[in-house]
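Step one of this worksheet: look at the structure below.
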Amino acid sequence: MTATKQHKKVILVGDGAVGSSYAFALVNQGIAQELGIIEIPALFDKAVGDAEDLSHALAFTSPKKIYAATYADCADADLVVITAGAPQKPGETRLDLVGKNLAINKSIVTQVVESGFNGIFLVAANPVDVLTYSTWKFSGFPKERVIGSGTSLDSARFRQALADKIGVDARSVHAYIMGEHGDSEFAVWSHANVAGVQLEQWLQENRDIDEQGLVDLFISVRDAAYSIINKKGATYYGIAVALARITKAILDDENAVLPLSVYQEGQYGDVKDVFIGQPAIVGAHGIVRPVNIPLNDAELQKMQASAEQLKDIIDEAWKNPEFQEASKN
């Protein structure tokens, strides 16, 4: 996609709770001029209905072409967003979904690429780091044009939780969750700050929360999805807005720094050949470059452990001949 292109087209694959919430966020925020929604044949009518329903909001926002799409419609899209996959059930971890969702991902990516698509993939289906890797493998695309939502939602949860504790606007809190979007993620406490004031210094001066409180805060952030799933069955609003933010950064060529699932080539020691959550600059051509926050020793160990866990799962999954044969990278 060129930064000057005026008509920007997004294809959404998966019209479930996350996908439909993302579509609504795009309409509500006036992002893109065209949105196609792909669903499996049994749910095609739902995609038709959602497209019609969403179109009724356009008089309040901005013009947009919205329709139930097929894979052929991906050919001239700027961005294909994959939310389709088996949902995470109560008691399941994101990594429990690997087997089911790898097969779904292979089918989707193969059909998108066969359409002649030459844009950017944005992956949100879980486990997102593993499925971002598989999207890269199945597509044969450059790593810069395959992006996962990564720890974008986790970092937003982290910032909001800190903001609530210390009584400031979350937009004034600058802090990241890195690693897997899942149980092995970690907080980068060493670089967390409030309006440029290091969090440690802020807490010394204001005493809003003690050390145990910080531990509890991180656990609540890490386990937020489990809490929500147990209460309402799924999470979708937060990730939908996170995806809309990433979409805007790509379509508007913002060169924004966002925490995403990006390919690792030794930025953090032995962390290689895996997609994992870290800040990166993203624009019209995908990932411009990772932003390599200098981690302290404890954080680096957590990053490496998180990556090793993901790598073990990927290596095990790729023993399946079906996935090996489909790999183009």
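Please read every residue number as a count from 1 along the shown chain.
Glycine too: its Cβ is placed from the backbone N, Cα and C atoms.
In the three-state DSSP assignment, the secondary structure recorded for His181 (active site, proton acceptor) is coil. His181 (active site, proton acceptor) is surrounded by 31 other CB atoms, counting those within 10 A of its CB over all protein chains shown. Under the heading active site, proton acceptor, Swiss-Prot lists His181.
Around Ala125 (NAD(+) binding site), the same-chain residues six or more apart in sequence whose CB sits under 8 Å from its CB are Gly14, Ile82, Thr83, Ala84, Gly85, Asn101, Ile104, Asn105, Leu131, listed in sequence order. Annotation source Swiss-Prot lists NAD(+) binding site at Val18, Glu39, Lys46, Tyr71, Gly85, Ala86, Ser107, Ala124, Ala125, Asn126, Ser149, citing sequence analysis.
In the three-state DSSP assignment, the secondary structure recorded for Gln88 (substrate binding site) is coil. Residues annotated as substrate binding site in Swiss-Prot: Gln88, Arg94, Asn126, Pro127, Val128, Asp129, Asp154, Ser155, Ala156, Arg157, Thr235.
Annotated beta-D-fructose 1,6-bisphosphate binding site per Swiss-Prot: Arg159, His174, in sequence order, evidence recorded as sequence analysis. Under the DSSP three-state reduction, His174 (beta-D-fructose 1,6-bisphosphate binding site) is assigned to strand. Around His174 (beta-D-fructose 1,6-bisphosphate binding site), the same-chain residues at least 6 positions away in sequence with a Cβ under 8 Å from its Cβ are Arg159, His191, Ala192, Asn193, Val194.
The phosphotyrosine feature in Swiss-Prot is assigned to Tyr226. The number of other CB atoms found within 10 A of the CB of Tyr226 (phosphotyrosine), across every protein chain shown, is 16.
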Inter-residue Cα distance where the pair is Val128 (substrate binding site) and Ser107 (NAD(+) binding site), in Å: 16
Residue pair Ala156 (substrate binding site), Ser149 (NAD(+) binding site) - Cα distance, angstrom, rounded: 12
The one of Ser149, Thr235 whose CB sees the fewest other CB atoms within 10 Å, among these binding-site residues: Thr235
Cβ neighbour count (within 10 Å, all chains shown) around Gly85 (NAD(+) binding site): 25
